[in-house]
């Protein structure tokens, strides 16, 4: 081994000094390079982040887009209201402020608890809601005392307003404060902003992306700890888009009011375009009372009502079609070669296997026209047994019953069933029997339809086109193909349906009171309680049969189709047909229709709005009584 | 050296180039502290200015001490600081979760600061005393390793990982330049690298481990400790090429940048003066380092050249560790950027190092002028 000398040490030193110096320059170079990367290459990104830091937005919720009808008439609008919020950062004496507000605005105790809770966990610039829908007097009382209430922010907000109230309840749904769940899904700070509402049901929910808009607000510069430094230019909000529906708001309201105290659903279509003109489910809740948060008592009253005002019967209701199936059945028979002139003798019923099926009356000898006109079951049983049930069902289904409609704007629909031998085999693992044909051919048994289908089926028969129902004016419209049937067969059916109302049929009581406009229709009576013979159970509302009616008009040159069901309304001709008649009248002569409705509403105890207001007052009184009872115990 | 008839000899003999550089960096630092306080000389710029003046004077005074005297006091001073470190660990003042200060009643002394220059001198003295022939034997290694390990260990125990690492860095640099065979760096270096997971798992404090986790993934703790790195990068990145302008940095002025006047002062500076201002500081530091390395290279005695190199390493490690940290290239360890960050002790250490370097430089010149 070499001896290490001081000369060598010198050499090693200078060599290694070069290494050390080089390393130091390299590090400095890397640092400058890194600075360049951050400050030049990624400058844009970091500029954004630093702006994000600097500027905070006090969000002002955007105004919700209007919902209007086919003529531009308002269905859902915004009404300005007064509200009071708190900005925690600017408050001085929190306890005193809250106490004074409680007194001025008469805030209930559990609301005071909520406010205190939110104040405790507040992020400084996030406003906290104190009260909305403040009456003007209370609002004014807060405003005059503002100097002694720092941090209190009275403002004018907007609440959703539905001029027609319950008449559009199930159509539009309602809006409400977003839940914690909703916020977790989006993480959008807008969801925490007081006064912001989202669609919770119906079209308000499904059209949310169009209706919401983009929030604006006051831009402020804040420090990391949330202290306000200065106010910047405000960011304008963009209100939501208006959505135009195919609905005829006048008809919608008329139909809802015409139903009176009945429980039912009605759908009206334009048979050329498939436009849904009315979408009514009654009784209904008042969507206005949901906009401002519904009370517990009101909710309880609504959910306990046996007329089910919370259920949207148009999309969620399924009913046996009863005899309304007969026109479609008849077309299926014609298609399979049944001669319309062929007669069947109706002695008041028909024996199938070892069971006797009893008809509503002794019709005698009937052909197809008479069988539809007078709703003879025996004819349809007999023909149902003679034809192929698979093909028959297919035809009825093709015309709309049990069919699914891809209708934009409707969230959940129940489509019902059109039973067929194949379906029966799959679902219940059994063979199709004669009595299945019999039941199906008069719309009983497994047959279940929804009210939308009740309008689509007569609409397709009337126009001879496979129309698709449409709810949004802007939705794409496809040309409807012709119904795959002999046009002459369609004429036979239409004539028979016209005779139901205008001849000697089951619906003669419902002729249109108009010159030159005839309505064609078909009654239906759906058994609810099998073992009860009709008439006996009439005293019990819940056991009565459902009444159905389908119609189109004018009979010779159809424009409109309507399907209607009145739950437990008895015979179809008794309750459903007159409602359809009046709605159809409205479409041709609205003044005449209103003049008929006036006296009717008198007999029911006032207009829909009056009755709604009276019920709301009763609920409020009950709630107050419950509150009083609770506070005394 | 400025030669002029008007300027008195003692003044003219000062290394003015270095002093201008240091004053330039320090002045820029004061301007930056003025901005960090929202446009006020209180509370930072004023006090930092005073500390700067006092310690610069101290450096000039130190520059008059002769090498022989430095040699004589090195071992006693080293010993005294080690004793103080032991005392600090035993009964030190607890602040910010660490025992770093020795409370002497009038002043709080942070002995670890003095250890930074002392370790450089001590190792230089050790290799000065070691016969050249022993350089390749174990005798050149283990005493030096112990001289580094004892104070570094005591400092890390406080716990102050940053300062401990600086002590190791300065000591190891001296060992390297003294001529210890390369295998003594490569083998322990390899072992150390292999042991990193173990060190991480068993030796580090929870908060230190967390800092490393966060360094590797700052977004994992946006609100907590990762916040520092993220906000610092935002400040530097949003500054762009020319910066947002004096007093215009929103990150520091709105307090999004934590410690914008101390450890992260450079981010404040880069936000307002941009890459141009930041690069200027880096380059100025490089000139300081170059001057120091020049002194080391020209030194004639083994003690002087190793001391100078060691002191330079101390200066360099301040600068490098702080900037790597501020730019998100190293975990956050509490090392300030001397002359820019607010804080007297870093200025003091830097001035001690510079004072000693000036003294070595003066002796080179006077010696050469005599011959």
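A Cβ is built for glycine as well, from the same backbone N, Cα and C atoms used for every other residue.
All annotation found in TrEMBL is predicted automatically rather than curated by experts.
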TrEMBL annotation of transmembrane segment - which of the ranges B:251-272, B:339-360 it falls on: B:339-360
Within-chain partners of the transmembrane segment (B:163-180) [C-beta distance under 8 Å, separation at least 6 from its ends]: 112-113, 115-116, 119-120, 123-124, 127, 135, 140-141, 144, 147-148, 151-153, 155-156, 305-306, 309-311, 313-314, 317-318, 321, 333, 335
Interface-richest range of B:18-37, B:49-65, B:140-157, B:339-360 toward the transmembrane segment (B:273-296), CB pairs under 8 Å: B:18-37
Spatial neighbours of the transmembrane segment (B:18-37) far in sequence, C-beta under 8 Å, 6+ residues away: 43-45, 48-49, 52, 56, 246-247, 249, 252-253, 260-261, 265, 268-269, 272, 277, 280-281, 284-285, 287-288, 291, 339-342, 347, 354, 358
